[in-house]
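Notes follow the structure.
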Amino acid sequence: MGSNIPTSTLRSTDRTIPLLGYGTAEYPFGASIETMKESILHAIELGYRHFDSASLYQSEVPLGEAISDALRLGLIKSRDELFITSKLWCSDGHKDLVLPALQKTLENLQLEYLDLYLIHWPVSSKPGEYVLPVKEKDLLPMDFRSVWEAMEECHKLGLAKSIGVSNFSCKKLENLLATAKIPPAVNQVEISPLWQQKKIREFCEEKGIHVTAYSPLGAKGMLWGTNNVMECQVLKEIAAARGKSMAQICLRWVHEQGVSVLVKSFNKERIKQNLDIFDWKLSQEDLKRISQIPQQRAYVAAEFVSEKGPYKSVVEFWDGEI
Ligand code: A2P
C-alpha cells in the first residue's frame, strides 16, 4: 500500500524525512516485544515509513524483525523505502564508544545503515548501563566536541546517513554548531499543544535544523509522560466540534507547525486513526485557542539533575527553556 504521508528535506544532508513517524518507546522497556513487532508490521502495511527507535527502548530488535517480515511479505520492496532513526544512549556518550554503539544498533536492526542517528540526551553516564533513570552517581558531563566528532565519523563511514541530537536547548545547539564540521540535521524534542516550543522551533528554522516532535499526546502512562494533554479541555472542545479525536487534533496541530511528529501506538485502530491528519485543517480560531493553552513540559528530566552531576537544576539542564 502506498503512503500519503508528506515528507520534508533535511537541509544539511538533502535527504527526505516523512513528516509523520511511528514511535517505539514504551515503558517499562522490553515488556511487550511481540506486540511491538506486530504493531510495527501493521503500521508498515498501513503506510508508515518513518520509525523511531533507541538503544534504550529495546525496540531495535523487534523493529529489525518487522522490517525483515515486511520485505519478505512484499509490503515494501526495499529497505530504502523506510526512514529509520535510532539514538546513542548516555552510557555510550564517550568518543570511543559511539561507533561500537552504532554498530551494535545496526546489528540489532539487521540493517547496513541508519537514516538518522541521534545523541539521545545532552549528558553522558558511566559506560555499560542502559537504564532510565540513570543512577545519580553515574551521571557525567558530556564532552560534546569529541562525541560529535565520533558521530561525524559514523556519517562519513556511511553508517548514519544523517546525524543529529535530541533534547538540546538553543544554547547547547549554538555551542555544538560552533565546532561541528557537519551540523546536526535534526533536533528531536518534546512538542505538544501543552509544550509548544516556539523558541527552539524558531532557532532551528534559522539554523537549518529540522525539528522532530516527540510525545505529541503527552506520552500518557510513560515515565516521561503526563495525562494533561489528553485531558485538556480546550482540545476536547475542538475535537468534539470538528468530529476528530483528541489525538488527531494534537497531531494535526504539531504537523501545522512545520515539524515532523512521532506518535506511538500499539493499538491497530489508533495506529490507523493517527494517520488520518493530512486532508483537513485546524481553523484560525482553533489555532488561536491552542496558542493560549498554559504551557507545561511533560518531562522536565529531573532524573538527569543531581547535586554532584553535570546539571544541578532543571533550569540549568534546559538552559532556562522550561
Ligand atoms: P496505545 O499504544 O495503547 O495506543 P505519545 O505518542 O505522546 O508518546 O503518546 C503515546 C500514548 O498515547 C500511548 O500510551 C498510546 O497508547 C496512546 N495513544 C496513541 N494514539 C492514540 C490515540 N489515537 N488515541 C488515544 N491514545 C493514543
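Cβ atoms here come from the backbone N, Cα and C positions, even for glycine.
The active site, proton donor feature in TrEMBL is assigned to Tyr57. According to DSSP, Tyr57 (active site, proton donor) is assigned to a helical segment.
Taking a C-beta cut-off of under 8 Å and a sequence gap of six or more, His120 (substrate binding site) has these contacts in its own chain: Ala54, Leu56, Lys87, Leu88, Trp89, Cys90, Ser166, Asn167. What TrEMBL records for His120 is substrate binding site.
Annotation comment: TrEMBL describes 20-293 as domain 'NADP-dependent oxidoreductase'.
The site 'Lowers pKa of active site Tyr' annotation in TrEMBL covers Lys87. When secondary structure is read from DSSP and collapsed to three states, Lys87 (site 'Lowers pKa of active site Tyr') falls in the strand class.
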Long-range same-chain neighbours of Tyr57 (active site, proton donor), Cβ under 8 Å, sequence gap at least 6?
Thr24, Ala25, Glu26, Phe29
Taking only the residues in the domain 'NADP-dependent oxidoreductase' (20-293), give me the average pLDDT of this model.
97
DSSP-derived structure type at His120 (substrate binding site), helix or strand or else coil:
coil
